[in-house]
Every structure is written in C-alpha cells, then in structure tokens.
Amino acid sequence: MAMMNFKLQCLLPAFLLLSILVTPSIIAAGCQCPEEEEEEGGVRNKTLALKYKIIAIATILLAGILGTFVPLLGKEFPALSPDKDIFFVVKAFAAGVILATGFIHVLPDAYENLTSPKLKENPWAKFPFTGLVSMVAAIATLMVDAGASSYYTRLHLHKAQSESNADEETHPVGHHAHASAEFVGSSTEILRHRVISQVLELGVVVHSVIIGIGMGVSETPSTIKPLVAAITFHQLFEGMGLGGCIAQAKLRTRAAVIMAVFFCLTTPIGIAIGIGVTNSYDEDSPTALIVEGILNAASSDILIYMALVDLLAADFMSLRMQTNTKLQFIANIFLVLGAASMSLLAIWA
C-alpha cells in the first residue's frame, strides 16, 4: 500500500508538467503577435538568440545533472554520504539559493504579472491576488506535507504494532518495545524525506518550466546571455538541494534516477517549448500574464516553505547541528552565501 501511494506521488510531477506544457499552446492559439515587433531592452536577432538558447539547453542540463546526481553518489562514494558534515554545509548553501529564488526572483515576477496595467482593472487592481495565491499555496503545502507525513507515520506504526503482537511470545517486552520505537522512528524519518523530496520537486518543476519558456520565447541576445549564467547557477544548486533530499529519502535507485532526470529535463524542455512557440506566444497577453502570475506566486511560496521548514529548520534544529557549534557556524555562513549569491544574480537576470 505504501509503495503504491508513493508511485502515485511520483506521477504528480509528471501530471503537473504535462498541464504546464499545454499552457503555451492554449495561450498561443488566442493571440496574434507581430512577427517583427522589437522587444524591450535590446535588438532582436533570431539567429544569435537561437545559438544562445542551444548553449543554454546544454549548460543548464549539465548543471542539473551535476547538481542532482552528486548527492546521489553517496552510496558509491562515502565522502558524499548524507551522514557527512560537508553534506549539511552544501545543503545549507543550496537552501539559501532556493530561498532567494523564491523571494527575489519568482515572487517579484508574480507581482509584476498580476499587477500589470495590461490586465483589466477589475478585479486585478482591486485585490492583492499575488499575496492570496502565495498564502493559499503555503497553507496547501503545509497540509500536504503534514498529511502525507502523518499518513505514513500511522501506516508504519500499525506495521510495527502488528510485528510486535506476532513476536511478543519470543522477545522480552522491554527489548521489543525498544526495537519497535527504533523501527518507527527510522521509518518515519525516511518517509518524511520522501514527502519532502516530492513536494520540493513539485515547486521546482513549476517555476523551472516557466523560466525555460520565458528564455525560449525571447529573441533578444542581450536578454538571454545573463539568463544563461543565472539559470545555470540556479539549476546547479537547486539540484543539489533536491538531490540531497532524494538521497536522504533512501529511494530505490530507479525511483531516485527518475526523479533526478525529471528535474534535469524541465528547464531545457521549457526552453525548447519557448523556441517552438516564439512566433505565436505573446507573453504580454492578459491570459499569459494571469497564468504565469498565478503559477509563479504558487511556486514561489512552495519554494520558500520548503527551504525554511523542510530544509533549513529540519537540519538546523537537528541534534547533530545543535551539538556541533563549528558545523552550525559554517552552515550559517554558507546559508547566507547561498542566499546572497542568488540575490546578486537578480541584478543581471
């Protein structure tokens, strides 16, 4: 039963990605865009822009693979194991990157989309929909996070109790109670990490596809060039954060690889879609602004919630971190460095 539910959870990101991939086609079908209209911020050059996009697909894909799979190699290389101190430090840096992505990059875009003067004044100018969507997304993420964790905890507690009843004739009561507590605690922690990795991937996938499409539809080289560097950096360390969660979830190799590959492909697929709909997709149409604004607002708060609650709070409040002052100090520094470096990229992209 637990494995079946986990397989269903693995299908959720695929379903979400499929719905997002259909969005540009729906928007494009309803807009008529002048093919030679000059974009703001630079001169259009289709040939040069396409070269940059192809380079972007390669570099972003490589960064995603490197970032996601390095933590997963802990099984083969003990130095990369989640049990090592360096893992906590890298994860803190990655969490800082994810946090800054939500606050500095995604949330402001959502405000810009949903407060655009190109939208009708009523109701978009009458109510702060960005804040509403973000709040709802945060509450929904909490409910899914807590609900899934609670379900798996009860499931494994019931399993432990069943084993306890079956073995009570052959083991001392005290010994078995201790073993059951250890079993439930270990299983609950692993399943908790599985829930975290699933929810985090949902939030990552949404905004990865959006930024990919945004780059893909642009035909201004001066706009694309800084985006390549910014998104590559972002993909590398966001992948490390996600890969770390997947590694801690102790999934089967096949499931872990599927999740990692899925993350690595989302932004390149978004860029490819953007290239395909360049001549018909109007990113300033009301429908596009509303759809992108809502998705950005939702994904930003999912990222913020996951970074603060499931990545940072879980590690920083752990017994290992609390009893190791040196590790705590270094992790704090790398958290700030991660957030600062991603924030600085907002100057260029």
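Glycine is treated like the rest: Cβ placed from N, Cα and C.
Keep in mind the model is a prediction, meaning the values are calculated, not measured.
Per TrEMBL, signal peptide is recorded for 1-28. Here TrEMBL flags 53-74, 86-107, 127-152, 255-277, 297-317, 329-348 as transmembrane segment.
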Quick check for me: are there 3+ Cβ pairs below 8 Å between the transmembrane segment (53-74) and the transmembrane segment (329-348), leaving out pairs under 6 residues apart? no
For the transmembrane segment (329-348), give me same-chain residues lying six or more residues beyond its boundaries with a C-beta closer than 8 angstroms to one of its C-beta atoms, as numbers and ranges. 88-90, 92-97, 99-101, 104-105, 226, 229-230, 233-234, 237, 312, 315-316, 321
Cβ pairs under 8 Å with the transmembrane segment (297-317): which stretch of 86-107, 127-152, 255-277 has the most? 86-107
Which residues, given as numbers and ranges, are at least 6 beyond the ends of the transmembrane segment (86-107) yet have a Cβ under 8 Å from it? 71, 74, 79-80, 130, 134, 207, 233-234, 237-238, 240-241, 244, 296-297, 299-304, 306-308, 311-312, 315-316, 320-321, 327, 330-332, 334-343, 345-346
